[in-house]
Amino acid sequence: MATDTAVTGAPETMQLRLASGNGPVTRTVLRTPLRDALPSEVPLIDISPIFSTSVADRKAVACKIHDAATNIGFFYIQNHRVPSRDTDMAYSASLDFFRQDMEAKMKADAKKGPFDSGYRGPGTQRVNPDEGADLRETYSILYDPMLDPTVPDPARIPEPASRFLHLGRAPFESTDTLPHFKDAFVRYFQACLALARALTRTFALSLDLPESAFDSKVQYPDASLEINFYPPISTGHAVSAPADPDTRVSIGSHTDFLLFTILWQDSNGGLQVLNREGQWIRASPVEGTFVVNIGDYLQRITNDKYVSTVHRAQNWSGRQRVSMPFFWGFGMHESCQVLESCCGEDGKSKYDEVRCVDWVSRRLGNLFDLSDKG
């Protein structure tokens, strides 16, 4: 359980339990008022030069991303080439889906669908056992090569990659009450695919590697798109049993599993990041941007040089909130050891090589272990 500590002349603290790829860990959190992130804490990076023909321009952005990834693990990106029309359509379709009656939404129940993709209702998820149940509904799909414009013939994908892929299994047939939903979702998913691959090359540059270093590892990626629908938190909400405001969460405190996440959020806000001092800070919406955050696997292969930072969401806006995270990682059939460029002068790596499928299994297993101990 989370415990409080009072020190004379210093802010009160609490210990927050978290799941990780190495088992349960704790973070010391200051009980200080929530505040807005400073520009130096969650920087805004113009990534338009990553599309330039100039290597120097691309490296300049990579340097900025390197700084953000080592200091906080969160940053905004602008001029990302994802059309606003695509985000607007996906946002509108998401609202249309979640505002349906429960019977219509349950046609896409993730428990009935393939590979747990589809809809999850309110009160059915709890990311962190020291906090309340997540006050959200979600709809998600996994990477499907049939939705990937870079894959000319999904039926000819070789082993072992094909073993982990799910062709034509996105649960769109269960959303036929909204004919526009599939088109909006697919367009946005494809835009995120293109952006994620471009950012992967920039991350390679940021680590003093050739831009193409990770290209083959994301040819058939482990990727998913999730739409989160957050009702406003209220003290009388049926799911928010704990009395401590810190435990009432739209999504509980956690880190992400994979390489990085690309997050679109609406104007209502609610995303909070735990900074290095142990303070919760707001990563408020900035129009026309995405938030990018480092995941656990990227922290691992960089020997902890890049930081996978704890974050959560609390929707105190009084309005319905939507966020659309796109989770991005190497293909499940791939593996990666600590990068040589991250081992330092002594050449030591903190971690062994691990297959991505084993990493995800371990990460999920540790999450469930932590929940069971709550």
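Note: Cβ is positioned from N, Cα and C throughout, glycine not excepted.
Here is what Swiss-Prot says about this protein:
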REGION    111-131  region 'Disordered'
DOMAIN    220-330  domain 'Fe2OG dioxygenase'
BINDING   HIS254, ASP256, HIS311  Fe cation binding site
BINDING   ARG321  2-oxoglutarate binding site
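According to its DSSP assignment, ASP256 (Fe cation binding site) is coil. HIS311 (Fe cation binding site) carries a strand DSSP state (E or B). Same-chain neighbours of the Fe cation site beyond HIS254, ASP256, HIS311, judged by a C-beta within 8 angstroms of the site's C-beta center, are, in sequence order, VAL127, SER253, THR255, THR261, ASN293, SER308, THR309, VAL310, ARG312. Within the set of binding-site residues HIS254, ASP256, HIS311, the entry lying nearest in space to ARG321 (2-oxoglutarate binding site) is HIS311 (CA atoms). Most other Cβ atoms within 10 A: among the binding-site residues HIS311, ARG321, that distinction falls to ARG321. Across the region 'Disordered' (111-131), DSSP assigns 3 helix, 3 strand, 15 coil.
A C-beta separation below 8 Å, combined with a sequence spacing of at least six in one chain, links HIS254 (Fe cation binding site) to LEU18, ALA19, VAL127, ASN128, VAL310, HIS311, ARG312.
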